Amino acid sequence: MIALANFIMRGPLQAYGVAVIAAILAIFFSPIGVLAGIVIALITLRIGVVEGAKTMAVAAIVHLLLTFLMSGSYAPGFVVIIEFMLPIWVIAVVLRNTNSLGMALQATALLAGAGLVFAHLMIGDLAQWWLNLFNEIAGPILKEAGVNYSVETIEQMTHMITMLIAMFAALLWFGQVLVARWLQSSLYYPGQFQKDFHRLTLPKSIAWATFGVATLSLFMNEWSGGLLGNLFGLLTVILMFQGIAIIHHAVAVKQASNGWLIGMYILLLVFPQAVLVLAIIGMADSFSDFRSRWEPSN
């Protein structure tokens, strides 16, 4: 990855080339679009906002044109741009201008939250919309294949899909910017990424907002069409990043085994409840500032 980043930073042609290749491959296997987002973020962070925008524009135009030629529709192309390009550039711009991972994380929350509100305003009952989509597309396919499924389970899942998408979007967007920041640090400022990540902090307002949304969702989630519950899920992921930063900082300061970090990430993969645990740690840190207490005294 470092070698690829070094190649990208040799000049604009190399950056455009890697971004375009990733954009083309994303047509056939969309996760490759992650590479395009990382390139866009890296160029934005290191070279500038305009150059990052140019890189994004070239990759997006090529992707849209090829998507239209192959499918007859621009829609799949716009999905990839929203998923892997435009939000990453915006978050990278915030990080470049503020030099704060905390501010970049807040920008991530704002973008994903705005997307949630927009979706609720445009569609209304998102759970019913997902259920209708399932009945129109997936349901007939499953019946034809002879696959039995529980209608009640599907209905329960439709109430969670929007929240899970918002949580995944925040994780994906900020994750790409983090990788780009790590590459920038590895190439030009060795060791700086670790220091910045260990200092990742969100303001108390985020913690209070999460507490408020969680409380309101207990009584008004149905009235809000599920919006409050979806926002709570999103804010949980945002605070999770602060919790992860705290664990990394604790392991470094205490000179503990990296096995603690490996264990944490395994728990995140195996038990989704670990996201909430880390979010609670992050929320508590917003008020208690654990890391300042762990700093070694001079």
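Any Cβ shown, glycine's included, is placed from N, Cα and C.
All TrEMBL annotations are machine predictions without curation.
Feature annotation from TrEMBL assigns transmembrane segment to 15-43 (among others). Beyond its flanks by at least six residues, the transmembrane segment (15-43) meets 4-5, 7-9, 51-52, 54-56, 58-60, 62-63, 66-67, 70, 76, 80, 83-85, 88-89, 91-92, 172-173, 176-177, 179-181, 183-184 of its own chain at Cβ-Cβ distances under 8 Å.
The transmembrane segment annotation in TrEMBL covers 55-72 (among others).
What TrEMBL records for 78-95 (among others) is transmembrane segment.
Panel annotation: around the transmembrane segment (107-131), residues 87, 90-91, 94, 154-155, 158-159, 161-162, 166, 169-170, 173-174, 177, 206, 224-227, 230-231, 234-235, 238 of the same chain, lying at least six beyond its termini, place a Cβ under 8 Å from a Cβ of the stretch. Residues or ranges marked as transmembrane segment in TrEMBL: 107-131 (among others).
According to TrEMBL, the feature transmembrane segment maps to 160-180 (among others). Same-chain neighbours of the transmembrane segment (160-180): 1, 34, 37-38, 41-42, 44-45, 83-84, 87-88, 91-92, 95, 101, 104-105, 108-109, 111-113, 115-116, 119, 126-127, 130, 197, 226, 229-230, 233-234, 236-238, 241, 275, counting only residues six or more beyond its ends whose CB sits under 8 Å from a CB of the stretch.
For 201-220 (among others), the entry in TrEMBL reads transmembrane segment. Sequence-distant neighbours of the transmembrane segment (201-220) (same chain, 6+ residues past either end, Cβ-Cβ under 8 Å): 102, 105-106, 109, 228-229, 231-232, 235-236, 238-239, 242, 245, 279, 282-283, 285-287.
Long-range contacts of the transmembrane segment (226-247) within the same chain, counting only residues at least 6 positions beyond its ends with a Cβ under 8 Å from a Cβ of the stretch, are 105-106, 108-109, 112-113, 116-117, 120, 126-127, 159, 162-164, 166-167, 170-171, 174, 197-202, 206-207, 209-210, 213-214, 216-217, 220, 260-261, 264, 275-283, 285-286, 290-291. Annotated transmembrane segment per TrEMBL: 226-247 (among others), in sequence order.
Through the fold, the transmembrane segment (259-284) approaches residues 167, 202, 207, 210-211, 235-248, 251, 290 of its own chain, all at least 6 residues removed from its boundaries and within a Cβ separation under 8 Å. The transmembrane segment feature in TrEMBL is assigned to 259-284 (among others).
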